[in-house]
Amino acid sequence: MIINFKSSTKKNIIIWLAIFFFNLFSSFTHIAGKEAVMQIAPWNIAFFRSLLAVFVLWIMMRASGKTIFLERTDSSRFVILGALAVPLNQLAFITGLQHTPVSHPAVLYATTSAWVLIMSVLIGVERLRWWKWVGVGFSIIGVFVLMGDKLLTFGDETIFGDMILLFAVLSWSLYTVICKPIVERYGALETTFLVMSFGALLYFPFGLFFTVTGDFSSASVSAWLGIIYMGIMTSGVAYFLWVWLLERIRPSQVAVVASAQPPTTILLAWFVFGEIPSLNLVFSIILILFGIIFMVGYGGPKRGAGAEGS
């Protein structure tokens, strides 16, 4: 396959490195946060996670010397983005994870690329192209191959958690789409910092209440380390990489990268816990990589939000 990037080779390499590290940091979230989710209430995890993310992003802003001039007309947009990214997405994900098997978030989040593509077309951020459905289709099929018969475990006993997880997926998908024109005006780091700051402020009163009244006596060191990882590496670094990619390629191309998280998580579990993966993993990786390479490679970089031919 010919990779049809239209930017320089150096920029292409940086984009693929950003995709790699986003996938790595996000995939390890499921492992690092496993004990935290079981020992600490979702309300408290979301609270600490959002504060840590803002702190890390503030340090990144200071180190880069960047400043922000927030236009008054954009304040409401950042409030919406902050609500989607922090209280709605993060809290729904953590809550849903407590009520479902670990396979369910992987399957549901694998549909992010499809939701983003549909929303992007409806809102007018992207045009519907055949190669987008091919890339999205291969990536989702790859996740289904990975999960195998676990796809059939959805039932009445998990419907509550599944619906909450689906809400989290839809929140994140909408965030990705409407963030596109904002990041092209403000920049990736500035946008991520503002989004997480507004999100943390919106959630702060509720999070503070549950934290003050919460019981952390049974929380282990590994649970706290999991929260630290989710705050710094996931909500801080990985969220920034997601928006950084969104500034350079289309929302649907960024979203398809999420399909690589399930097999990467299994590979990381193999290295960390010695859990031997199945043969399905090999076929899954091939299909998902083809979908991602086809979407990002064949489609090339963006031409701007709503651009002709995008």
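Every residue gets a Cβ built from N, Cα and C, even glycine.
As annotated by TrEMBL, domain 'EamA' applies to 17-147, 160-296. Annotated transmembrane segment per TrEMBL: 12-33, 45-63, 75-94, 106-123, 130-147, 159-179, 191-211, 223-242, 254-273, 279-298, in sequence order.
Nonlocal intrachain contacts for the transmembrane segment (191-211), taken as residues 6+ away from its ends with a CB within less than 8 angstroms of a stretch CB, comprise 41, 43-44, 46-48, 50-51, 53-54, 57-58, 60-61, 68, 70, 78-79, 81-83, 85-87, 91, 179, 182-183, 235-236, 239-240, 243. Summarised as a single figure, the pLDDT of the domain 'EamA' (160-296) averages 89. When each of 12-33, 45-63, 106-123, 130-147 is scored by its Cβ pairs under 8 Å to the transmembrane segment (75-94), the top-ranked stretch turns out to be 45-63. Across the domain 'EamA' (17-147), DSSP classifies residues as 109 helix, 0 strand, 22 coil.
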